[in-house]
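J.: Let me begin by handing over the structure; questions about it come next.
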C-alpha cells in the first residue's frame with residue numbers, strides 16, 4: 001500500500017500532519033473525516049527520480065495539454081480509466097508518466113478521479129482538483145476539462161510573456177557582470193603593471209579599481225564562497241513566509257512594476273473566479289481557492305479578510321473594494337454582476353479585457369527595462385575603461401611635453 005504524507009485541518013483552525021500507510025486517498029479522507037478534519041494536502045511518499053528527471057518537472061504547459069487532450073477523449077465517449085491510460089502512454093516526462101500510472105491504478109480500484117489527483121498535489125493544482133470534483137458531482141466533467149484547458153493555456157501564455165520580458169534584461173545583466181569581471185581580473189592588472197613601471201600619479205578612480213582588482217585576484221576562493229553562500233541564503237529566504245510577504249508587498253509599492261503586477265493579479269482573479277462561479281462552486285469556497293491562485297501573499301491576506309466579510313453577509317463588491325488593490329473597472333463590473341445575478345459572466349468578460357491590458361503593460365515594462373539596462377551596462381563598463389585610459393592619456397601627454 002502507498003505511504004501518504006498528509007496535512008489536514010479542522011474548522012477551528014487546528015492542524016494535523018503525518019505520514020502513514022493507506023490503501024487509497026479515499027481511506028485517508030475517511031479517517032480524517034471521522035476525527036473532524038478535512039484534507040488539505042496529501043502526496044505519495046517514496047517515488048524517486050534521477051537528477052535529470054527531477055529537472056523535467058511537470059509545468060503549466062503539461063497541465064494545459066493534459067486537460068485539452070483529456071476533454072477531447074472524454075467527448076469521444078471513452079471512459080475515464082481508458083482515457084488516462086491513453087494519455088499515460090503519450091506523456092514523455094517520466095514524473096508525469098509515473099503519476100498518471102498511479103492515477104490509472106487508483107481509478108481501477110474504484111477511487112474517484114478527483115481523489116486520485118489529490119494524492120499528487122505537486123503535479124495537479126488545487127484549482128484543478130476542485131474543478132474536477134464539481135465536474136464529477138454534476139456530470140459535466142468533459143466541459144469542466146475544456147474550461148480548465150482554456151484557463152491553463154491562458155495562464156501558461158501569461159507566464160511565458162513575463163519570462164520573455166525578463167530574458168533580455170537578464171542576458172544583459174549576465175553579460176555586464178562577465179565583461180566587468182574580465183576587465184577587473186585580466187585586463188586591469190596588466191595595465192596596472194605597465195602604469196606602475198612608467199611612474200606618475202594615478203587618478204583616484206584608477207587607484208580604487210586597482211585595489212578592487214587586486215582583491216578579486218587574490219581572493220577568488222573567498223568571492224566564490226560568498227556568491228555560493230549568497231545563493232543558498234536567497235534560496236532559504238525564498239521559502240521564508242515573512243520574506244516572501246515582504247517581497248510581495250514590495251512588488252505592490254515599486255513604482256515601475258506596480259501597475260503591471262496589479263493588472264496580472266486582476267486578470268488572474270477575474271478569470272479564476274469567473275470559472276469557479278460558473279462551475280457552481282459556492283462563493284465562500286471560491287474565495288478560499290482563490291488565495292492560492294493570486295500569486296501575491298499580501299493580496300491573498302487581504303482576500304482572506306474579504307472572504308470573512310462576505311461570510312458575515314456583506315456585499316462582494318464592497319468587500320473587494322475595501323482591499324484597495326483592484327482597479328475601479330473590476331469593482332464596477334462586480335457590482336453589475338451582483339445586481340443582475342450574472343457575476344460569473346461579468347468576471348469572464350472582464351478577464352478578457354485585463355488579459356489585453358497585461359500584454360500591453362508587459363510590453364511597456366520591457367520597453368522601459370531594456371534601454372535602462374543598456375545605459376547601466378554602458379556606465380559600468382565605461383567607468384572601468386575610463387579608469388584604465390585616463391592614466392595612459394596623462395602619461396602620453398607628459399611624454400609629449
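Positions of Cβ are set from backbone N, Cα and C atoms, glycine also.
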J.: Please identify the range among 123-145, 192-214, 215-237, 238-260 that TrEMBL labels transmembrane segment.
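T.: In TrEMBL, residues 215-237 carry the label transmembrane segment.
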J.: Transmembrane segment per TrEMBL sits at which of 79-100, 101-122, 167-188?
T.: 167-188
J.: Using DSSP, tally how many residues of the domain 'Type II secretion system protein GspF' (66-189) sit in helix, strand and coil.
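T.: Final tally across the stretch: 104 helix, 0 strand, 20 coil.
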J.: Quick test of the contact rule: Cβ under 8 Å, at least six residues beyond the ends. What residues does that give for the transmembrane segment (372-396)?
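T.: For the transmembrane segment (372-396), the nonlocal Cβ contacts are 168-169, 172-173, 175-176, 179-180, 183-184, 187-188, 191, 195, 198, 200, 202-203, 205-206, 208-209.
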